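Trainee: Mind looking over this structure? Questions follow.
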Amino acid sequence: MSTTWFVGADWLAEHIDDPEIQIIDARMASPGQEDRNVAQEYLNGHIPGAVFFDIEALSDHTSPLPHMLPRPETFAVAMRELGVNQDKHLIVYDEGNLFSAPRAWWMLRTFGVEKVSILGGGLAGWQRDDLLLEEGAVELPEGEFNAAFNPEAVVKVTDVLLASHENTAQIIDARPAARFNAEVDEPRPGLRRGHIPGALNVPWTELVREGELKTTDELDAIFFGRGVSYDKPIIVSCGSGVTAAVVLLALATLDVPNVKLYDGAWSEWGARADLPVEPVK
């Protein structure tokens with residue numbers, strides 16, 4: 001495992017009563033799991049003291065696109081209501097697949113939180129170590145949170161179109177190869193098959209082992225093998241902006257600079273007939 005942005009279950013168990021630590025449960029249903037009630041799953045059992053960071057609820061509901069970043073003031077109010085304090089060390093976890101914790105990690109950092117770590121192995125790893133869970137909601141006093149949005153963290157569709165057309169940045173697509181190569185339909189209806197012209201495919205699952213990032217040597221080999229250069233700006237994308245954060249986390253672990261996330265992702269690009277797509281049918 002690469003450890004730059006991670007803490008282990010043993011460390012968290014030792015520090016769980018530290019008043020400067022706050023734990024955030026960011027489990028999330030993936031496309032095709034719409035029948036899951038992750039809020040109820042959280043209530044049924046979570047790491048002691050963890051509040052539920054509902055990525056769906058914390059998205060911009062004025063946008064037709066899924067999981068878009070909310071307005072900074074909206075996010076700040078939600079964090080204060082959860083009892084989250086931006087000056088504390090926030091520990092984020094998901095169910096143990098590293099699917100959604102990186103998105104929560106990225107959101108918190110994009111809105112100005114400096115100390116954010118991910119629990120390696122997530123909830124599954126915590127349970128494998130026979131550590132205790134608690135049930136029910138966690139009620140905390142109102143938190144202190146004033147969002148300081150970093151506009152450099154995210155790009156819009158016009159930025160991606162320019163990067164694709166002018167080759168000013170590399171575009172990395174985190175979706176599975178079959179979706180990237182237009183071999184299967186997207187899980188969300190109404191989207192075209194294929195990928196942004198010029199994009200490189202680095203499926204997020206190839207970067208992960210048992211809910212943790214692979215070693216830095218392994219990550220380097222994967223990125224280099226897919227043609228990624230660390231010397232050029234990078235835009236990460238995926239289906240809806242969630243698993244792109246896994247790629248961004250891996251690149252951050254490798255100290256790669258100038259990496260931004262395309263929040264609209266394929267949910268936006270694939271829905272627009274006026275944007276180019278590869279492979280051309």
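The chain as shown is numbered from 1 upward.
A Cβ is built for glycine as well, from the same backbone N, Cα and C atoms used for every other residue.
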Trainee: In Swiss-Prot, which of the ranges 112-118, 175-181, 238-244 has the region 'Substrate specificity' annotation?
Mentor: 238-244
Trainee: Return the residues near Arg179 (substrate binding site) by Cβ distance under 8 Å, restricted to its own chain and a separation of at least 6 in sequence.
Mentor: Glu186, Arg193, Gly239, Trp266
Trainee: May I ask which residues of the same chain, at least 6 positions away in sequence, place their Cβ under 8 angstroms from the Cβ of Cys238 (active site, cysteine persulfide intermediate)?
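Mentor: In sequence order, Asp173, Ala174, Arg175, Trp204, Ala244, Val247, Ala265, Trp266 meet the Cβ cut-off.
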